[in-house]
């Protein structure tokens, strides 16, 4: 702070407190809704304080799910989300580390072509090419499978470019020293590049885990078997009940559970997350 | 492309290293993207029995279709409002968070976490708050004499999805604005203070111009977000309605393709969206990568 201005400091804190309240409010309401019985919503006004049905509601969604809407127990959906998010994060990081290594540390014909092919994928989010991508996945028989859920989302270049940036900042002297010591490329990759990129890998993992966990449209298309529903898309099936009021208490319990893992990841890994986000976008 | 001075030799090893990424890219990216372009010049009859080449006719039909033009309009309003709202609030909170010394970490944590909330969940949360019968916000508005029913009122449905989309994006913009603010040298601010500029004047004459690269970058990212990532918000809450009031372009691609089964028309829409993203990304690279400074 450049100078002391008590009034301005007060206004600053008030702004932040009001801002934080605005940010937290919808989740508080959702949490409150998830602790009431269905009958509590009939009176007309949404309660503002938690009720006494917390254990019952969460036990119900975790155990049996909402059979009327055709959704499986949230436990299974959370498991599917975890598999999908981990496959996407690990898969992207693995293929990107390898291809960035090839692009930065080798000279070979068609290198430029390979670079641009990968670069192209930055341009088109999956939302834009859903129909043909869906047809490819259906043609390969990957509907209702973990591979179908994650493989198409692994094809994106952001991670490759991040690792390329990281590798370019690693001094040439290290490579020279490794070569003089007789290390081959893969040994150099494993013993020098990987340890040096450790924090970047961790930061990117946080971002990609959240990206994978929060996928919506793609799982909605490729899963028709409830056994492969993910938590984030399963919500929509519960919301879209025909001809009746949605079961708010169960939907909100599911919503809270579906947002909990990525939120915990961010809160615990805040520093890594911010670093990863800013690096990824550079 | 800058190369390393020291490199390894060999052709097969780098080929093998690139193979997984290239294979996935070819199967799940290049092929579908080219199919989208290809299908955009074809038309299927209603039963999917015959396909004929129609050239640019699908595109011509789109731009003559009032439904499509309405969707363009809806998207422009939605994206602009979402970007302006979320960037405005994020800047306000970032400037405040940059100023405080006490409790800074707690405030930052409270601001950042909605990044982890899926857009569809943001939509469902606000949908509950605005629910005409039990929603707390709808109740408060009734108290103020405003009747709220986004199921019937198109403008209100639009406001609902804008608030949900902007709420979720504040955290992202906050991270970048705060990083931008913290990279401004303190000496510049101090020099302006010594020259007698108060906090407000300093903000508009020193801070804001120095934040312009960040602001520009965020404007592009926010437009891409509003164009594509908000699909879940629309799909789970308003379903594009009432009428066509909240049918943004990416939702229309989905509805025309998967529900209407108009493959040619949906593919033509995809191609137009691709062109929009490519333009946005090229702009971002040209300006942001050069790190514009004023």
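Along the chain as shown, the residues are counted starting at 1.
Cβ from N, Cα, C; glycine included.
Look at TrEMBL and you will find B:72-284 tagged as domain 'ABC transmembrane type-1'.
Counting only same-chain residues 6+ beyond the ends of the transmembrane segment (B:12-31), none has a CB under 8 A from a CB of the stretch. Taken from TrEMBL, the feature transmembrane segment covers B:12-31 (among others).
TrEMBL lists B:68-97 (among others) with the feature transmembrane segment.
Sequence annotations record features per position, and here TrEMBL assigns transmembrane segment to B:109-129 (among others). Through the fold, the transmembrane segment (B:109-129) approaches residues 93, 97, 135-138, 160-161, 163-165, 167-168, 170-172, 174-175, 229-237 of its own chain, all at least 6 residues removed from its boundaries and within a Cβ separation under 8 Å.
Positions annotated as transmembrane segment by TrEMBL: B:157-181 (among others).
Sequence annotations record features per position, and here TrEMBL assigns transmembrane segment to B:202-228 (among others).
Feature annotation from TrEMBL assigns transmembrane segment to B:267-288 (among others).
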Remote residues contacting the transmembrane segment (B:202-228) - C-beta distance under 8 A, at least 6 residues beyond either end:
75, 78-79, 82-83, 86-87, 91, 95, 165, 169, 172-173, 176-177, 179-181, 184, 188-189, 192-193, 248-250, 273, 276-277, 280-281, 283-284, 287-288, 291-294
